[in-house]
Amino acid sequence: MARRSRLRRLLLLLLLPVASTSDAEHRLFERLFEDYNEIIRPVANVSDPVIIQFEVSMSQLVKVDEVNQIMETNLWLKQIWNDYKLKWNPSDYDGAEFMRVPAEKIWKPDIVLYNNAVGDFQVDDKTKALLKYTGEVTWIPPAIFKSSCKIDVTYFPFDYQNCTMKFGSWSYDKAKIDLVLIGSSMNLKDYWESGEWAIIKAPGYKHDIKYNCCEEIYPDITYSLYIRRLPLFYTINLIIPCLLISFLTVLVFYLPSDCGEKVTLCISVLLSLTVFLLVITETIPSTSLVIPLIGEYLLFTMIFVTLSIVITVFVLNVHYRTPTTHTMPAWVKTIFLNLLPRVMFMTRPASNEGNTQRPRPFYSAELSNLNCFSRIESKVCKEGYPCQDGLCGYCHHRRAKISNFSANLTRSSSSESVDAVLSLSALSPEIKEAIQSVKYIAENMKAQNEAKEIQDDWKYVAMVIDRIFLWVFILVCILGTAGLFLQPLMTRDDA
């Protein structure tokens, strides 16, 4: 029992200061708000303004909506003013120098975000305010604002944006409330880094503006938020694939025409770029004022690919030309077979005709054996009796005639030689018919060779055109890409 009694006394001694402090705060609260009116400005003289010290702390840049041109931020609005009705002597209340009270119990300035786009213009007053015995009131309510911001997508995704946030009293003019900026810029000490945007700077400015509606002057504090987009996401997922696809267009002119896939490759590249363009349109603002940089590049690449399709169709038309459908002009031979190949460092393989000896004429090779052939055939004489080793007069006369004629054939042309051979009365009708067939085959093969040479010339002309546009498209692709994506850097240096 004695032990329990001692414990009770000890607990009473420990709780006595707490009860005393709680009682002091209760008495202080009752005294401060006994006759307090939260609607009346806390000034002793009605002509005196309430000086509001104002500062914005950025907690998080939640999102920048380019389509709707809205910037969503999480801010802390620090507001400090003096309320002469909320002063007390700490010694009368157990040394209490600070007191936290609900914000709806005290007078607060009606500071709103002027350029608010969605949601409430004013912050919620459910947080508590800190009171100091000197009458100083500190209120730091958190708020999520969706402010309107004019997004300039000219250099998207390498763009910089300047979004302003204008704070001020909605109903009190400068004679009633005057704003004083704490510091020279937005407080970023507690800022949570964004994965898409980097804040370059956020200076603050105070303005005293006279609006058309009223004669009074209204003060405001405006923060200019300079932000830079982090382009890594768009570079990896949009720009690099577009670059690779656009460079595939160059390979169209290196692809041989005989493979039959040149037009297919062009159309596949065009369809891929169309899909990328549909993706881009969902991420940029729906505005007709400017075309974003990535949109310009896609448009440039689509024109690039469309021209490659037109040129490829023309090249295929040239490639498959034949002597029966087209005649090659002399200027085409001069320019595309002689001049341009040297300029483009193209070397055409030498013809086989210059590297091999001309085959012996038919008459010098095979007709030289007519003597042997005549000996075999002349085993039967004209009279129908067998010849004894070709010693009869008729066979001797026939052999001599063929030998003399074969000697003369070596000095004449092939067609003339064949005609001369056919004129020999010594040859049998079967031999003449065989030689006539050989003559027809030779002339047909000669015509086919000439036609093939002309077709090869047309194919070489198509190859030269392909090589020209290969280098042209490489230069245009490199220069166009560099010219477009270096614009943000050049503009930034000029600024």
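Placed from the backbone N, Cα and C atoms, the Cβ positions cover glycine too.
Note that the structure is a prediction, hence the values are computed from the model and not measured.
Membrane topology of Pro323 relative to Leu486, as recorded in Swiss-Prot: opposite sides. Looking up Asn162, Asn404 in Swiss-Prot, the residue bearing an annotation of N-linked glycosylation site is Asn162. Beyond its flanks by at least six residues, the transmembrane segment (465-483) meets 243, 246-247, 249-250, 253-254, 257, 297, 300, 304, 308, 311, 314-315, 318, 336, 340, 344, 346 of its own chain at Cβ-Cβ distances under 8 Å. A mean pLDDT of 72 is what the model gives for the topological domain 'Extracellular' (484-495). Neighbour counts of Cβ atoms within 10 Å were compared across the glycosylation sites Asn45, Asn162; the minimum falls on Asn45. Contacts of Glu261 (Na(+) binding site) defined by a Cβ separation under 8 A and a same-chain sequence distance of 6+ are given as Leu255, in order along the sequence.
Distance noted between the C-alpha atoms of Asn162 (N-linked glycosylation site) and Asn45 (N-linked glycosylation site) is 41 Å.
Helix, strand and coil counts under DSSP for the topological domain 'Extracellular' (276-297) come to 10 helix, 0 strand, 12 coil.
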